Amino acid sequence: GSRVSLNPGNFVFCLNPSDHQHLRYNPLRDTWVLVSAHRMKRPWAGQVEKPPEEHIPRYDPGNPLCPGNTRANGKVNSHYDSTYVFENDFPALQPDAPDPGSDQHPLFQSKAARGVCKVMCFHPWSDVTLPLMKMHEVVKVIDKWAGLVEELGATYPWVQIFENKGAMMGCSNPHPHCQVWASNFLPNEPALSDRCQRSYYQKHGEPMLQQYARQEAERKERVVVESPDWLAVVPYWATWPYQTLLLPRRHVLRITDLTTEEREGLADIMRRLLTKYDNLFEISFPYSMGWHGAPTGPHLKEDNSHWQLHAHYYPPLLRSAMVKKFMVGYEMLAQEQRDLTPEQVSAETYPCENPGLYSRETDVCCRLSLLRSQLGRLWLSGSGLSWGACRRLHVEVSLSKILNPKLLLVCSTHR
């Protein structure tokens, strides 16, 4: 909302966050973000990205992540039918790196960096993403995440789960997967977050993000999706245009601490959030995401009450499916800056939550609906489908496939 302020000449004016630039504090990083919403009025003459690939084959013999395929190092994937984890063939961290020693100049310091890097496939099919997967399939992904944190976190201080989705985010293989890196050191971002959360807890006696989730739930200004156990918001201090923060309502330190019900609730809210992303510009929405929780390894025996489990989603898109935000110039040399306010994003761009718009079955049903209208008399009575809700096509279905009873059965069973 607006508030009354005084300028140096003692003239009273009202600050409208949608029209006037202002700074917002990010308590997770102890930094400030410049918000300049009025810049969205300027015409765009910058770079326009290529539209994302529309058709991805379910199985590609040349894709190293598909079941049964041979990877670059000669190793062969198993014929998996659920999640699948393997050692990264080109890891950024290895467990046996040498120590550089301690005799160093203060301006030229280095330390030992050891760890492991794993790749985790979510699903055997290349043409699905998390919002297109079934609930029980997403729960298996969450269970595997928790298992990897428990396994690697027994030794390593930090286990970073992250997903880069889409070619715009540097994902070279169109297959649903993430990476898991475990390190013998606490990386910069979680180390900064640990310090900020600890400081807030010491001052206020409550975990920062638990209090933040409660405040956002009450204000309803930036909430994107919510459930009894989870809350997804555009953070008050967001830097990326469509950035979101996913939080449990209960105090949870690590993903391993989630109950069965909370994992099922997480699968549901992830699908809802990611469906909103996909429906926003009617594409498979690109993003980088990752989980942050209390440190592991030697920190398991410490008091980490200041921590609250959370996930960050950082999509790169700005104005459309083909206009990307760049962190350059002022952002690199001065401080973070954004154009849209978080309130504008949550209120104006996330109104639609129809999981039928973008799902595995409705990809087929959308094409059937279009061809039905073109042919004029294709009648699928009793299907129970809302054909008018299908707007985006992601697979090509020929007329011969329309007459395929298996496809008709898929459509008739989708509610």
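Heads up, the Cβ atoms here are built off N, Cα and C, so glycines get one too.
Among the features that TrEMBL reports, domain 'Galactose-1-phosphate uridyl transferase N-terminal' is placed at 16-187.
Under the heading UDP-alpha-D-glucose binding site, TrEMBL lists 39-42, Ala72, 88-89, Asn164, 170-172, Gln179, 325-326, 330-331, Gln337. Neighbour count (other Cβ atoms within 10 Å of the Cβ, all protein chains): 15 for Cys171 (UDP-alpha-D-glucose binding site).
Contacts of His177 (active site, tele-UMP-histidine intermediate) defined by a Cβ separation under 8 A and a same-chain sequence distance of 6+ are given as Leu65, Val119, Met120, Cys121, Phe122, Glu163, in order along the sequence. The active site, tele-UMP-histidine intermediate annotation in TrEMBL covers His177.
Annotated domain 'Galactose-1-phosphate uridyl transferase C-terminal' per TrEMBL: 195-346, in sequence order. The average pLDDT the prediction assigns to the domain 'Galactose-1-phosphate uridyl transferase C-terminal' (195-346) is 93.
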Give the residue from the binding-site residues Arg39, Lys325 that has the most other Cβ atoms within 10 Å of its Cβ, counting over every protein chain displayed. Lys325
Glu331 (UDP-alpha-D-glucose binding site) has its Cβ surrounded, within 10 angstroms, by a count of other Cβ atoms equal to 16
Asp89 (UDP-alpha-D-glucose binding site), Cβ-centred 10 Å count of other Cβ atoms over all protein chains shown, is 13
